[in-house]
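These features come from TrEMBL:
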TRANSMEM  65-90  transmembrane segment
TRANSMEM  102-121  transmembrane segment
TRANSMEM  197-221  transmembrane segment
TRANSMEM  271-295  transmembrane segment
TRANSMEM  338-359  transmembrane segment
TRANSMEM  371-396  transmembrane segment
TRANSMEM  522-541  transmembrane segment
TRANSMEM  617-636  transmembrane segment
TRANSMEM  643-663  transmembrane segment
TRANSMEM  749-769  transmembrane segment
TRANSMEM  873-892  transmembrane segment
TRANSMEM  904-921  transmembrane segment
């Protein structure tokens, strides 16, 4: 490891796994000269630094991940939430490698959840579309994993070539993947007919973010190369990438529109829409200074860009005129043909010419006065005549045009006020002429009042741009923004909430519903909290950049928003719309009587809880637990009171998790609830003592683990002894003759819930213990046992803890506290790790880790048999749990670190073989009874035997590090293909698939060994 701002040595460069990327980047030919490092012929240099394009990547990937979470349902959202939380916790605990692996495991788990929950179980789409959806899921999550990887500095220090390759792949893949996935979401949100226009706008933004030439985040700028010249900047895109992005932006919106409107394409409306989609992206790309950078540089390229810009702008304006103005607003144009077309065309092209001249820098001081004022006034006059303004109102648009022209020249707020006055007068006449005479009301409010409020909302909208440009007072600007926001909220409520069928004749709603976020559940509350946090983000960034309290408040608000949106706890129905008796007419309430949210209820797996409808109100405990946990983690360390606050928050968080488990999964069973509550608290206390050791804690923890384990049989016994809570009447009405079967199903569901709770707790405990063993293997000692500051504040000293643990320590045998103490010590790194753990009184941790991991694996197998009937595919998901096993002096003395992959492979092989053998034993009885032919039994037995050799070879290699001959693997690998083709049993097919994977792993290992030895494989 080198310091963060030093150059990487040749030795560290040699550890990179991407030599091609390293060479292309240009930091090769580093040499060592004494203790320093210098470059002999390098044009650019690598330096570890922060990834510079987090904002751009977030704008592309975060909406895409949200679309995938919405499509995949709760399983994907839960996988992402739990995985990212685990990643954050590991990173906060400074387990960088663990956080890195957790990030990638999160993406893999989310991908698997999307496959099983959305693609395979409930999707009737064609196979090609299903595969395309799977590919988009995988690519999006892969890019998210790359983005997370670039945040780890240890990866930059140890594998710079990999970091460069990751950065290039990320920046190249964001545009096409985000375009595809977000188009998917747009179609679901706004419909197929409108999604192409949103797609065009999004592609233009993505082109601006990712297709223009960008330097690498890890290029050392400001240093001079040999000879005194500046180092050449490493560009993330080449000309091919830029050209491909241009083709995607220019062709995809029009192509999607043709594909979705082919049946009605040859009508004027759709033809103009197609022209609009084809010309709009060209206008945007060519308006950028480096929009066509991939063509090179020079006068010819610049001239070509301007020519394409002029041509596409002319076509774009013509399409806007026909598709938007005359198609949607023709009723407001009073001139008759052809004068209406002439007037609108003159107005649009005149304004466009001014804008183009301004941004191209072609307007000099001499030509400004000659062109800007007359052209603006002429365009305003023609546009006003086209809109039907009478001659006596013509001075209003002319005043607005003259004020804008003078403001363009003087930048004076007084001139801008002339523009505002003329614009408001013109808008007022338009509203008065078209709407003022209507004698209708909206939700009891006359339309004239609504028109007046609309005009009032136009005042700050017209004033704010000029005031901001003239740097007006912040208080005035803020007051105008608040006033406009209040008016818009009131107008939204009025135009959306009321029944306006008498106005719109049932054709469409007066106000589009998607412009207003309605109130029905906690998801909306989460969105509102998130909007509040995002609204405060610019204020904190500008006015409180050094305030940790402000940043922490934003983080907590964002956390609360995410928890509300993901967990969606039920909101209270009763009392939320009532006004308390307060003076001055104050009425703080959650909602009014017209917006009471729906109370979300469900039948847990329909029959799983015996038709007992549940509202999941204990989810508030889970939300409170997670929020308190984040609050405690972000608490500043300032003395005993801060430590006491963190202790109280952590205890409250653990108690809320325990309450959630007890109340959510075991309603109406108080005895079971007490046992589950106590066991969860014991597990939480064990984790706290493991991470924050205190005097006597090493003696208390084995007792806590035993008490926690004893809770499992106690909970099962309490479940068997407790009477089932009464069922609602719906159960008797729907299933009048199956009381006994229903009671058995309910007891089975409660029994499975108890096992599921212990599975989750044992997985958490085993993972924490494995991290502790891994830290000891890495040579890290745990924190020194000391009295916490929170306890010191309560008057507790070191002796208090020793006296509290003395009874347990005196009654516990030595071999339990230090397992394997009377046996020969372990050798190698495991022996050193045991010495470190023993010095801290934690010599029992590896054995405890193995026991808890085996308990977790066993409970999962039992649940698989209980819930799915023993689905053989489950072993592929459950076998990795055995990676939590560790070498210990009592149970697994031979499980060295290099052998850690042998237990999962062995469990998979043994389980699939045993399951297939059991099926074959049942087939023997059918053969004897004449139900199955002997040839079928022989073929299935042969397939099972053919699938085993490669798995056995892999196990031998993983355990003894002795690789079988390559030719033997090549000869036996086809047997797995034959077994996969001929087998009829699912267990045998899976075993053959595992055999194929084993043969591939053996050949890959042989290839790597051959490359290291400098020879060919065969």
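Glycine is treated like the rest: Cβ placed from N, Cα and C.
Automatic prediction, not curation, is the source of TrEMBL annotations.
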Proximity of the transmembrane segment (197-221) to the transmembrane segment (271-295), 3+ C-beta pairs under 8 angstroms: yes
Positions whose Cβ lies under 8 angstroms from the transmembrane segment (749-769), at least six residues beyond its ends: 608-610, 661, 665-666, 669, 672, 676, 679-680, 683, 686-687, 690-691, 705, 708, 711-712, 715-716, 719, 845-846, 848-849, 852-853, 855-856, 859-860, 862-863, 866-867, 881, 884, 886
Candidates 271-295, 371-396, 522-541, 643-663; stretch with most C-beta pairs under 8 Å toward the transmembrane segment (617-636): 643-663
Tertiary contacts of the transmembrane segment (371-396), as residues 6+ beyond its ends and Cβ separation under 8 Å: 332-335, 340, 343-344, 346-347, 350-351, 353-354, 357, 363, 402, 404-406, 408-409, 422, 425-426, 429-430, 433
